[in-house]
Amino acid sequence: MPLDPLVILLAFGCGYVVSRAGLPPLTGYLLAGFVLSTQGYVSGPAIQAVADIGVTVLLFTIGLKLRVKSLLRPEVWAGASVHMLLTVALFSAGLMGLSAAGFAFFSGLGWPTALLIAFALSFSSTVFAVKILDESGRAGSLNGRTAIGVLIIQDIFAVLFLAFSTGKLPTAWALAVLAGLPPARWVFMRMLDRIGHGELQVLFGFFLAFVAGAWAFDVVGLKADLGALVMGMLLAPHPRAKDLAGALYSIKDFLLVGFFLEIGLAGLPDLATLNAALILILALPIKVILFFLIFTRFRLRARTSLVTAFNLADYSEFGLIVGGLAAANGWLSRDWLLALAIALSLSFVLASPLNRRADRLFEAWRKFLQRFETRELHPDEEPYQAGNWQVAVIGMGRVGTGAYDYFTDKFGPVVLGLDLSPETVDNHLAEGRQVLLADVTDPDFWRKLPRTRSPFKLMVLAAPALETQLHVLDRLKQRGFAGTVAAMAQYDDEVDILREAGVDTAFNIFAEAGAGLGSHICRETEDLGIESQLPDEG
């Protein structure tokens, strides 16, 4: 299918309409795909190429934000494994029950086929989850790190399945590629130090994702997408990894439009196929409930467990790969491919508002859900110790750190920094700052924060996501906060939104950068030798 103007028009139009309705734009792209399919459009090389590039860049940027040790946490590797075993067992039994009950679409299913379909349905979508987490600014939170970790463990299972089901084991050269990763990492780290911040940085990112990562893995029989992810993880500790991810951010978002269009272009089903897809959607709550129960057994709080389960409350594009492989080998009818594609699309549409309303749903079900919490909580969920704080800086990136240091110099050790990234918190603690690991979008954060001898008088919102800042403002209003609230914004229209939402002062960080530079120069330089031409006062 050529990438003609109608495709772009519908993708933009549907994305814009659903975003104004408070839904993620990706649901609009899915809708655009369905509309195009009714007009005879089918996915072709152009859309598929855009989708594949977008997914590869996405996985590379995920890797840039990920630490290997996060995969070693029990709630990640054990949680993902237990969930997959239970889901496959329950779903395969359910499919066989439908077959025995005489449902036409499910008739003739044997245990091997049922187990294969259940295995495909046990996966959650990496693309969808990361997109949702990026848009909400929660990718670095405990629930975000847990969800991404589970998805990576699932990716490892996918690699093993593809290797054994196709009979194409990795070549002997795969060991050489894996052995070459440490020296390659050293070289790429040095290059990233010297690459600059322009278009060469973006091109270097594409080289790492597609050549050093995806192509190197694919050529030796390993999963290409996993190669991009691994390459990102190798460079994650570099100080400029965040800059590299930021440089690729907008490109990644644009290319992922192709991925969601391609899913929608699977087409509209007949009645029997649609009924089968709806039955698969009705089974989706089982995945969510299992995730919630498993995460709470690993000492995560009910709210963290619920939000993480919602992040994973969908089916995966990997299910289509499994279905295609099974159909090619004659294990599955082609009708099942369309049923899986429709179920995947519908799961995205349903999971989008579910994730947007996760906190509201938790508040509505709080008392019931908290019954599943363990007495001993996860170390990252423990209550905070009291301190004599009067100023809170939310978001300890560059802007937040500058604000923290300024207020500390001005008022002394009464400033508390808050950030959701463990690595950021550890770095600040090592430098002597008072910083706590906290997800301020969590309603329980405000309950965990202790009563201090001197209540907060100033809240500085330095988190980059507007949605996070508005959420904090809403919480402050609910708790009757009487102090001053200041917020930063990246765009002028966000300044207006924040002021309308009730902040006392909001500023564009780029507009204020020049004034800050001038103030810094005057402060650091005793005599500039400049003669003032301003009229004398009085």
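Just so you know, glycine gets a Cβ as well, placed from its N, Cα and C.
Noted in TrEMBL for the protein shown:
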type: DOMAIN; residues: 8-351; note: domain 'Cation/H+ exchanger transmembrane'
type: TRANSMEM; residues: 45-64; note: transmembrane segment
type: TRANSMEM; residues: 76-103; note: transmembrane segment
type: TRANSMEM; residues: 109-130; note: transmembrane segment
type: TRANSMEM; residues: 142-164; note: transmembrane segment
type: TRANSMEM; residues: 170-188; note: transmembrane segment
type: TRANSMEM; residues: 200-217; note: transmembrane segment
type: TRANSMEM; residues: 274-295; note: transmembrane segment
type: TRANSMEM; residues: 307-330; note: transmembrane segment
type: TRANSMEM; residues: 336-354; note: transmembrane segment
type: DOMAIN; residues: 391-508; note: domain 'RCK N-terminal'
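Using a Cβ-Cβ cut-off under 8 Å and counting only residues 6 or more beyond its ends in the same chain, the transmembrane segment (307-330) has close neighbours at 113, 116-117, 119-121, 123-129, 132-133, 138, 143-144, 146-147, 150-151, 154, 158, 161-162, 165-166, 259, 263, 280, 284, 287-289, 291-292, 295, 300, 336-337, 340-341, 343-344, 347-348, 350-351, 354-355, 358-359, 362. Two recorded stretches are said to be in contact when at least 3 C-beta pairs lie under 8 angstroms, sequence spacing 6 or more; the transmembrane segment (76-103) and the transmembrane segment (274-295) meet this definition. Counted over residue pairs 6 or more apart, the CB atoms of the transmembrane segment (45-64) and the transmembrane segment (274-295) come under 8 Å in fewer than three pairs, which marks the two as apart. Here the domain 'RCK N-terminal' (391-508) has a mean pLDDT of 84 out of 100.
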